[in-house]
């Protein structure tokens, strides 16, 4: 059945109340392997090995977002994710009226008003309201760049920087599905789409407009 919090780390004895914090923690165990899977925590020296690894999760993630192709293991996770594409922000802060797409983000935001910052950085005097913010800040001191673009391999120290960079590739969608008008940035995305929507697993089935 579906795992509930706390979420234990498979590599040490730490546990986390939020899955996002567990994923951020995994980077500690992947210092010498910069290409990490944010689904399970497996890390690799080469990006090509990480891309091959993604196939492991395809089998157990049958629910694909029609908006971006991202895959999920549960329908409930797909529904939560779909809010991103609708622009809906149903969770509202009672103090400042700021809105959020998820309740967990609202809970983190609430600490801004309470003033609680229980997570200190061991490298400088900064304090943070969540462990996730501390982990993201720590890469400034370590020089790590755990967020790599799967299209061009350019790496970043923060996820939001990677997201901004990925927009550069948004207009380049050379892989076109022969069954429908949908096109994709990478061949792997077309493979997933055709496997689950058109039941075409043969790699020779795919083509590029390049």
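A Cβ is built for glycine as well, from the same backbone N, Cα and C atoms used for every other residue.
Just so it is clear, the model here is predicted, and its values are computed rather than measured.
Quick look at what TrEMBL annotates:
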{"type": "DOMAIN", "residues": "7-34", "note": "domain 'C2H2-type'"}
{"type": "DOMAIN", "residues": "35-62", "note": "domain 'C2H2-type'"}
{"type": "DOMAIN", "residues": "63-90", "note": "domain 'C2H2-type'"}
{"type": "DOMAIN", "residues": "91-118", "note": "domain 'C2H2-type'"}
{"type": "DOMAIN", "residues": "119-146", "note": "domain 'C2H2-type'"}
{"type": "DOMAIN", "residues": "147-174", "note": "domain 'C2H2-type'"}
{"type": "DOMAIN", "residues": "175-203", "note": "domain 'C2H2-type'"}
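If you average pLDDT over the domain 'C2H2-type' (35-62) in this model, you get 73.
Same-chain residues lying 6+ beyond the ends of the domain 'C2H2-type' (63-90) with a Cβ under 8 Å from its Cβ atoms: 2, 57, 99-102, 184, 189, 192-193, 196-197. Counting residue by residue with DSSP, the domain 'C2H2-type' (63-90) contains 12 helix, 4 strand, 12 coil. In the domain 'C2H2-type' (91-118), the DSSP tally of helix, strand and coil residues is 12 helix, 4 strand, 12 coil.
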